[in-house]
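Encoded as structure tokens, the structure appears first; notes follow it.
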Amino acid sequence: MKFIFQVLATLALVTGTASALDKGILLGETFGGPHGDKYSDLDLVSPGQIVNSITVRSADRVDAVSLNVTDLTGQTTILYHGGKGGDSETLQLDQGEHIIGVQAHWGKYYRKTRLMYVEFTTDKKRTISGGTPAVDADRMGKDSALEGYQLGGFVGYSGNELDSMGAIWTSINPVV
């Protein structure tokens, strides 16, 4: 009987887009390639945190992404991944606004897989994007937050540019 419950629990995790981690934290799909240095905000995010803004640095490709986050103690942190090239664009979120959608396009640059384009969408239908959209649908991906969740951080690989990126979805409300 215990084995059956283990199988059912595994199926529930595999069939969903997001993987459950700690209570109130989900890991989304990662887009791009395994080049550069691995990064993860998993130890820095928490359910109920407030995302104040998102920044995308880009030119032809995506150079970096960052989130300005305030935790439950009131401490503000910048979660920055990637290089310093490209132009910087920031979307300041309104009170009660949350990033709920991610789109990424990737391709080869000097034989390495890089993110070519990213777009983030809020629950107020505002967007921020950077890079050059791909034409090959096989190298495009989208991920969305489950109801009650928001973009809270990132996982992936980066160097001078962003090689890959996955969303860490956090519960909008604190989890007790």
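Glycine is no exception: its Cβ is also placed from the backbone N, Cα and C atoms.
TrEMBL lists 1-20 with the feature signal peptide.
Under the heading domain 'Jacalin-type lectin', TrEMBL lists 28-171. Taking H, G and I as helix, E and B as strand and the rest as coil, DSSP gives the domain 'Jacalin-type lectin' (28-171) the counts 3 helix, 92 strand, 49 coil.
Here the domain 'Jacalin-type lectin' (28-171) returns a mean pLDDT of 97 for the predicted model.
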